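One structure below.
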Amino acid sequence: MEKQLGVVGEGIAQPSRARVSSRSRMGMVAGAILAALWFTWPRLDVSSHTHKTGLSVVDKVQKCAIDNLHEDLYFLEPAKPITPEEFISRHDRLAKALAASDIDAFVLEPGYTFQYYGNISQVDWEPWEPEERPFLMLVLPETSSTGEVSAKTAFLSPHFEEGRVRMLGIPSREPELDIVIWEEHWNPYTTLVGSHLFKDLGRTPKIMMDEEIRDYIVRGLDSAGFDTVGLNAAVELVRQTKSPAEVELIRAVNTGTVEAVRKMRPCLVPGLTENQVTDILNNALLSIGFSLFFNIVLFEEHGALPHGGFVTGWKELTHETMIVIDVGAHYLGYSSDICRSFFIDPPKTSSCHGGILAAIKRIFGLGGQAQEAEWQPSDPKLHAEKLQVWQIVLDAQTAAAEAFKPNATAASIDIAARGVIEDAGYGYGFTHRLGHGIGIKAHESPYLNKFNTEVLLQPGMTFTNEPGIYLENHFGVRHEDIYLVTETDVAELLSGPRAKGPYEP
C-alpha cells in the first residue's frame, strides 16, 4: 500500500492529517489516564497529611474510633463494684475449703489473689515494685459450737505500715483488723508463728501458700516452723466459680473491649502502622474508663506469631492486610482478653472513574456504558486462603462453644476445636491451647488443653475460647471470646456478638 505523504518542504515527508488526528487522540487518552491516576491513585501519607478539619489523619481516625464507641455504652450499666458482703462470703467459702483439707490458714501477699479476697492489688500496695518486707493476709477457718465453719482474717505487717493497712479499707467481718506487727530488726516469720493466731494450736501450723507468693517468703515460713503446702483443687475452685456480680463485670469489660475494636475498624485507613493502631485503640479504651493491660496489634505475617515476638510495630496497613488484635483491659478490678482478625474495607472506586472511562470511550469511539472495576487483591490465591482460614477458625470456635457443658473435661473443649482445624488440614498451624479461665486475672485456672482430663467444668466457670491458625511468613487468624458455663448445656457468651465475617469482626 502506498504511503500517504504531505509535502511541506522539498524532500521532507510529513504525516497525513489522519496520523495527526490519531496522535492527538493518543495524547488526549494519555492525559485522561494521567488525570485519573492523579485524582484516584492511593497516595496517603498518614504521618504528615492533614484533613480539611485541621486534624492529622491519625487524629481523625482517633476521633472516629472514640466517637463511634461512645454512641452506645450499653455494656457498662450492669457492672457494679464487688460489695464488702461478697468479699466476706468469699472468705467463708475459702474457710470451708481449708477446713475440709485440715489446713490452719491460707497465706497470700498483694497480687491478684489478695485482690480477690482483700480488694488490694500489688499496685495498690506498692505502685513501683513488689515490696521486700512481707505484708501478708491470712484467712483462718474457725468452727463454731454448732459445727459451722466461718473465716477469720488476719494480717502480718511491718509496724510502720500498720496505720496504712488500717486505712486501706480491706473488707473484714471483724470491726477492726487483726494485725500482727513486726519491727524492722525482728524476724517476721517467727513473729507470726509465735503470735496469738497459732500459739494455742498445740501442733505445727499447716498453712497453704497462694500460687503468687514469692519463694523467699515460703522459705522464711518453713524455717520458722510452719508446715507449708501448695494449692489444692478445692481452694482453687472458690475463685474459679464466679458469682453473678463477677459475671456482669466480666461481661462488661470484655464486651466493651470487643466494641472498641469493632467501632475502630471502619475508621482505619491504609498507611497506619501497628503502633499507631495500638495507640488509637488504647485511647479509645481509656476514654470509657478502662485501664490498659496489654494490646498486641499485628499485621499480615506478624500475625503468624501469636504474641508478636520481635515485631517493631512499624508495618503499614493495606487493604490486603489481615489484622490480628489481641487486647485486654481492666474495669473495676476485672480483666478482658479478646481477639479479632479482620480486614479494613476494600477501596471504593472514585465517582470520577465513570466519567474518565466514558471520556476515553468517546475518544476511541467505543460504545457501551463505562463499568467501574471492582477491587482485586494483588495475590488472589493468598487472599482466598485468608478468607478460608478465617472461616475454619470461626467454625472451630463454634465447636468449642457447643462443648462447654457441666462436667465436661477441660480437655474435651480443646479437642472439639482442634478437630475442626485438623480436619481442614491446618492442624499444624494451631500451636497453642484453646483457652483458659478468666476473672480478676486474664489468665486463670482451669486451662483448656487436650491433656487436662482431670478438671471437670462447673457452672459459674468462665473461659476464653480462642482457636487460631498461624501460617509463618504469611498471616495468622485467631478469634477469642468469653464463655460462661451454665447449669444447662448451653454456654453463655460474655463478650458481645461474635464475629460475623472478616469485614464484620
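Just so you know, the numbers here start at 1 and follow the chain as drawn.
Any Cβ shown, glycine's included, is placed from N, Cα and C.
Any TrEMBL annotation is an automated prediction that lacks curation.
The predicted model assigns the domain 'Peptidase M24' (248-348) a mean pLDDT of 97. Residues annotated as domain 'Peptidase M24' in TrEMBL: 248-348 (among others).
As annotated by TrEMBL, domain 'Peptidase M24' applies to 355-487 (among others). Residues of the domain 'Peptidase M24' (355-487) grouped by DSSP class, helix first, strand second and coil last, total 51 helix, 28 strand, 54 coil.
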What are the DSSP helix, strand and coil residue counts for the domain 'Peptidase M24' (248-348)? 39 helix, 27 strand, 35 coil
